Amino acid sequence: MEGTSTAVPFKNLHSREYQGHKKKVHSVAWNCTGTKLASGSVDQTARLWHIEPHGHGKVKDIELKGHTDSVDQLCWDPKHGDLIATASGDKTVRLWDARSGKCSMQTELSGENINITYKPDGTHIAVGNRDDELTILDVRKFKPIHKRKFSYEVNEIAWNMTGEMFFLTTGNGTVEVLAYPSLRPVDTLVAHTAGCYCIAIDPVGRYFAVGSADSLVSLWEISEMLCVRTFTKLEWPVRTISFNYTGDYIASASEDLFIDISNVHTGRTVHQIPCRAAMNSVEWNPKYNLLAYAGDDKNKYQADEGVFRIFGFESP
């Protein structure tokens, strides 16, 4: 098996549950050191959790309050373990200090924000809204420096590792590749027969993966822009995907009642994590094989549970 000297003993690993939100969790994200996890919820808050990869202690969390609508997506500064940006349906994007829980910067944009991602060097943030408009923010001033409205449905956005390429997944089943910072179109990859929902860049910088409404995940070589394989285990539209820190495993999830973990190099499933509801977000820790996941979990009274889980602990 390429890249890994030892296979991860997924069968022996367990999940733990984290409670705090009052409504369902839309998004989970790890900071660059892998020590903190952020969760964003329909309850209009984000929460930050200090996670010890081998620890058992009581988990402390702090609440980030200020948004007046659902916190749909969040992302950490890739160079700073205590700075996090949140995007909300209230049209604002906010930057927070994870130590104090205070909002240090905010800007109001023109629409309901559903996507947010940092440029890998931490200098810019890209935000996508429900009207297929892309805004690039300069992080230092926290002001827009580019705006672009697209004529097609834009689902998810990502930079490549060097920050010279910018990817958009579209409702037409394509991945649009733009040069950065010019945002000039470079390539259109016809990736799927139905809309492309999500994209993940492998941490080694060799591949990116695309999840689609056709229930497939496609793996692309960045250097050649060629599809090298597809992962076919899911039966429902793929909502969320993530590579592990070594780039050897990919997790994907949907309305299927399991999260698939496959070997990137062989395409074979190595483990499935059972879940009770459709998943909204899966994300691997950047330093350890810990996978955070959050979905539409309901309790027995059919109310939102507001939980997320982390898989990868050696004991429950």
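Using the three backbone atoms N, Cα and C, a Cβ is placed for every residue, glycine included.
These features come from TrEMBL:
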REPEAT    18-52  repeat 'WD'
REPEAT    64-106  repeat 'WD'
REPEAT    189-230  repeat 'WD'
Residues of the parent chain within Cβ reach of the repeat 'WD' (189-230), under 8 Å, 6 or more residues beyond its termini:
3, 153, 155-162, 165, 167, 169-177, 236-243, 245-247, 250, 252, 254, 264, 267, 286
Six or more residues out from either end of the repeat 'WD' (18-52), which same-chain residues have a Cβ under 8 Å from its Cβ atoms?
59-65, 67-82, 84, 86, 88, 90, 96, 98, 101, 245, 280-288, 290, 292-297, 304-310
